[in-house]
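In Swiss-Prot this protein carries:
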type    : residues                                       : note
BINDING : C5, C8, C17, C23                               : [4Fe-4S] cluster binding site
BINDING : H237, E261, C305, C397, C425, C450, E485, K487 : hybrid [4Fe-2O-2S] cluster binding site
MOD_RES : C397                                           : cysteine persulfide
Amino acid sequence: MSMFCYQCQETAGGKGCTVRGVCGKNEEVAKLQDLLLYTVKGISYIVTKGNIDAAKLGNTNHEVLSSLFMTITNVNFDDGSIEKQIRKMLAVRDEMKKSVQAEGLHDAAVFSVDSRESMLKKADSVGVLSTQNEDIRSLREMITYGVKGMAAYAEHAKNIGKEDKEIYSFIYEALAATLDDSLSVDDLFALTLKTGEYGVKVMALLDEANTSRFGNPEITEVNIGVRKNPAILVSGHDLTDLEQLLEQTKGTGVDVYTHGEMLPAHYYPAFKKYDNFVGNYGNAWWKQVEEFESFHGPILFTTNCIVPPRSEEVRRRIFTTGSAGFPGCKHIEADENGKKDFSEIIELAKTLPAPDEIETGSIVGGFAHNQVMALADKVVEAVKSGAVKKFFVMAGCDGRMKSRSYYTEFAQNLPKDTVILTAGCAKYRYNKLGLGDIGGIPRVLDAGQCNDSYSLAVIALKLKEVFGLDDINKLPIAFNIAWYEQKAVIVLLALLYLGVKNIHLGPTLPGFLSPNVAKVLVEKFGIAGIGTVEDDIKLFMS
C-alpha cells in the first residue's frame, strides 16, 4: 500500500498525497510518521485505560510532545531519527503497559515490530485510511492535527520551563479517543471543540512562558537589510534556541538574523541587548530555496518549515535541532540540562561570506495583546470616531500556491479605514506593502508567531468588553485566515471554541474535511472559503 497524507493545505489535488508528499517527504518517511503517531496513540490508550496521572509521567510527557511535533508538516524528513523515536516510544509503552490489566488491550498498545521492514508493513494498516467511515475519519484527523499543533506549542512552553498537567492529560484523552470505535460523530464533534478549548489553554501557557522569560513584545522596527559580517540564519519558532545561539555568538564577530516565523523574536525586550542580532533575512518559509543560497552562512532550523534543499552546498550549511531533522544535515542535541553547543555552526559561519543584500529598509511589529492594550484608548477612540471602520484578522500561514496572491491583493484593496491584525507567516504577503497608518495606528498590526493568534483573541475579547457587547461576533472584526499546517488547525479550533463565527479559511478548505463534516462547520459556525478579492471585500464591509 502506498502512503496517504492529507494533513496540510498543499496536499495533492486537495485530496491527499499518495506517492510523495508535496512537502517533499517520501513514502517511507510518511509511513514511519504514521507508525510513530500510532505508537503515541497506544501510549495514550494505556494512560487513559489505566487512569495514570499525567503529572507523574515526567519525561514521557516530553517525549510524547516531541514525537507529535516530528510528524507536523515540514518538521522532520529524517527516516533514521523517526525510526529511533518509534523504538524509544515502544519501550516507553511496553514499560507503562506493565501497570495496567493486560487483557483486551487495543492493538496500538500491544503490536510489536523488530525491523524497518516490519515497521513499514505495520504502518500500512494503521494510517489515515484505516478508519473506513469518512466522517469519523475526518473528525479523528481534525482532532489529531489539532493535538499535533497543541503539542508543538506545549513543547516550546516546556523548553522555557512552563508546563500544565491538564494539557498533557487532554492530549492522552484526545488521542485515545481516536482509537475508540464506540464514539459517534456527535461525540467526536464535541471532542473537536474541547480540543479548541485546550488550544486556548496551551497558547495562553506559551504566551505566559514567552513573556515571563523575554518580556512583553513592544513596537519594534526590524531591519531587513544586511551587514558585512559572516552570519547565521535562525529559522523556526523556538526562542530558547535563539537565546542560546545569541549568547554563544557574543563577541565572535558573527551576526545572527531571523528567518520566517522567527521574525517576532525582535519584538521581545530580552533580545534587544545583543548587538549582533541584526535583523530579519528574507520572507516566508517557501522562498528559502533561493534565499538560503544568497545568505551564504549556516542555517539553524529549530522547528519547521524545512524545504528539502536542492544543492549539496546548501545542505551542508543546514543544521537542525529539537524535533526538526533532515537527512545529511547535522543535528544538534541538547544535554540533560537543555543546553546546546552551537560552536560548530559558529565556526562554520566564520569561514563563509557575508549575506548578499536582497532588500533594504525595515518593517514594524510587536503588537501583541499587552502592547495593543497600552494603545487601547487610541484604538477605541478611532473606532468610535469612525476613523477605523473594521479590523481584519488575517493571521495564519503562507505557502507556495499561486492562489495565495489573493491575500496580497486583499490587503492592497481594503478600504483605507481598515486595520489588519496578523500573526504567523501569512504576514509576509502584506507586511512590506507600506499600507500606512490611521491616526498613528499602523494598518498592519503584527502580533507575532502563529501561536500569538492568542493575542488577537485576547484583543478581540477585550474590545468586546470595552464596547459592552455580549457576543464577540458583534465587533467590527472579520476573520480571513490563511492556513497551511497543523498549528493553524489548533488556532482555528481555538477560535471556534471562543465562539468566533463566519471565519473565511483559505486558500482552500482542508482536504481532511469530509462533505458532511464541512457542511456542519458551515451551518453551525459559518465557515466559508475565499472568493474573489472584490466580492469578499464587499461581503465583509456590508
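Indices start at 1 and increase along the chain as displayed.
Glycine residues also receive a Cβ, built from the backbone N, Cα and C atoms like all the rest.
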Can you list, in sequence order, the residues of the same chain other than H237, E261, C305, C397, C425, C450, E485, K487 whose CB lies within 8 Å of the CB centroid of the hybrid [4Fe-2O-2S] cluster site? G260, W285, N304, G424, Q449, Y484, A488
Among C5, C8, C17, C23, i.e. the binding-site residues, the one with its Cα nearest that of C450 (hybrid [4Fe-2O-2S] cluster binding site) is C8
Which binding-site residues (C5, C8, C17, C23) fall within 10 Å of C425 (hybrid [4Fe-2O-2S] cluster binding site) by Cα distance? none
Looking only at Cβ atoms, how many others are within 10 Å of the one on E485 (hybrid [4Fe-2O-2S] cluster binding site)? 25
Long-range same-chain neighbours of K487 (hybrid [4Fe-2O-2S] cluster binding site), Cβ under 8 Å, sequence gap at least 6? I72, K148, G149, A152, Y153, C397, C450, N451
For C305 (hybrid [4Fe-2O-2S] cluster binding site), the number of other Cβ atoms found within 10 Å of its own Cβ: 26
CA pair E261 (hybrid [4Fe-2O-2S] cluster binding site) / C23 ([4Fe-4S] cluster binding site), Å rounded to integer, equals 18
Structural state of E261 (hybrid [4Fe-2O-2S] cluster binding site), classified by DSSP into three states: helix
Please report the three-state DSSP label of C17 ([4Fe-4S] cluster binding site). strand
Among C5, C8, C17, C23, which are recorded as binding-site residues, the nearest neighbour of E485 (hybrid [4Fe-2O-2S] cluster binding site) by Cα: C8
